[in-house]
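Q: Take a look at what TrEMBL says about it:
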TRANSMEM  31-50  transmembrane segment
BINDING   LYS69, LEU70, LYS71, THR165, ASN268, PHE269, ARG270, LYS288  ATP binding site
DISULFID  CYS118-CYS145  disulfide bond
CARBOHYD  ASN163  N-linked glycosylation site
DISULFID  CYS196-CYS206  disulfide bond
DISULFID  CYS240-CYS247  disulfide bond
TRANSMEM  314-336  transmembrane segment
REGION    362-390  region 'Disordered'
Amino acid sequence: MARGGCKSVFLSVFDYKTEKYVIANNKKVGVLFRLFQLGVLVYIIGWVFLIKKGYQEREESIQSSVISKLKGINLINTTQNISRVWGPEDYVIPPQGEGVFFIVTNFIETPNQRLGYCAEVRPGIRIMSGRCLNSTGTCEIYGWCPVEANHKSMDATLMGAVNFTVYIKNFIRFPHFNFSKSNVLDTKNETYLKSCFYDKIANPYCPIFRLGDIVAWSGNDFNRMAVKGGSIAIMIEWNCDLDKDICNPEYSFTRLDHSVNSITTGYNFRYAHYYNDEAGQTYRTLYKVCGIRFDIIVNGEAGKFNIIPTVVNIGSGLAVMGAGVFICDLVLLYMMKKSTLYRERKFESVMQYDSPKCQYPLGRRKRPSDTQSAHRQMIKKKTHSSTTLKLQPPSHGFRRCSFCGASWEQKKSDTFHKTYIILNFDIPDMYNIFNN
């Protein structure tokens, strides 16, 4: 028995399993299945391949270098009512433009500061002398005197900064594809960069921008922002399709700091210029500057055809198709009025017997009585010339069937010295006709 069981398990490895297809003439489920297939095809072709370019290999590790250069001059009046011309060397910090640069738009100047004793203007970190001044009602401090004036200007000092221009050069590279590109338009016209200004529609590839336009595109007013300063991001987005040799930058602008009135609004800092007088004593001019900080942020990705992502996305789409078959099977087998009939045709258990062939019932089913469903015995007598088969049929009619759960039992008659095969089977609801 053990050997037979092991042999049966071993041979079952070589059994072949195949699907059974049942055609159900149900228009509702058929329409549902076709609509599902149509939706999957639209998703794969339209979204995955046309919009998301699922047939391409993508690279997002962009290497970038940014160089900026500003131009523009402004005539201003200082605290001492002296007219002064400010150029890029005065209002651009740091002078060598990179991915971040700062433009001075407003400042408070405190000239001719020298080390000494003077009255404190506002509380802060000071070196106290220990004396109080009755004339001002404040403490005396030791430091750079006179102290910085504490007044707020309603207008920006460098109002002409609205027309300053910035030239942004951006060099990018995708190392995986060994592809490099610049945002400067490849043209032989030498006067192009001297006359063009960036415009999203007219000149989308000109790398020269007006500061006033940048602030306006970020949704802010330059005159109001120039008083206290702020922070603006210039975002350069590269979306390169290397199959079509399309790789051009797209610019967008947004304000990074809080634009509403709060203690965090604005951007300012202080710096000083130091000098020596004829006597060799040091004095300085202190500047509290407000302005706009520009952060140039570069992002991008490149794509090129590759067979691997193409096959993966097609396989994913076919898997989704299989989900549609599963859903429609659930609807057909469990949610329709004739679900029982569909389940009987869908699931069939086929067993192999060494018995003669028989066929499955095709007509109506009629439950016989307990007597009719009792075990029948069929005696098959073997002779030298022919084989006879005798069967006592039940009283009611049946059609032909293809399967009957019959078991064979071989017995030897001691009286006639003949071998008989006794077929024991149960007929639950039909008459079985066996063919030799």
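Including glycine, each Cβ sits where the backbone N, Cα and C put it.
Have a look at these and tell me how they're positioned relative to everything else.
A: Mapped onto three states, the DSSP output places ASN268 (ATP binding site) in strand. Counted within 10 Å of its Cβ, the other Cβ atoms near ASN268 (ATP binding site) come to 14, all protein chains included.
Around CYS118 (disulfide bond), the C-beta neighbours below 8 angstroms that are at least 6 residues distant in the chain are GLU140, ILE141, GLY143, CYS145, PRO146, VAL147. Secondary structure at CYS118 (disulfide bond), as computed by DSSP, is strand.
Long-range Cβ contacts of ASN163 (N-linked glycosylation site) within its own chain (separation 6+, distance under 8 Å): GLY72, ARG210, LEU211, GLY212. Taken residue by residue with DSSP, ASN163 (N-linked glycosylation site) is part of a helix.
Mapped onto three states, the DSSP output places CYS206 (disulfide bond) in coil.
Within the same chain, residues at least 6 positions away in sequence whose Cβ sits under 8 Å from that of CYS240 (disulfide bond) are PHE174, PHE179, LYS181, ILE246, CYS247, GLY300, GLU301, ALA302, GLY303.
Sequence-distant contacts of the transmembrane segment (314-336), counting only residues of its own chain at least 6 positions beyond either end whose CB sits under 8 Å from a CB of the stretch, comprise 24, 26, 28-29, 32-33, 36-37, 40-41, 43-44, 48, 342-343, 346.
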Q: Within 10 Å of the Cβ of LYS69 (ATP binding site), how many other Cβ atoms are there?
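A: Result for LYS69 (ATP binding site): 15 neighbouring Cβ atoms inside 10 Å.
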Q: Just to be sure I understand the packing, how many Cβ atoms besides its own are within 10 Å of the Cβ of CYS145 (disulfide bond)?
A: 15
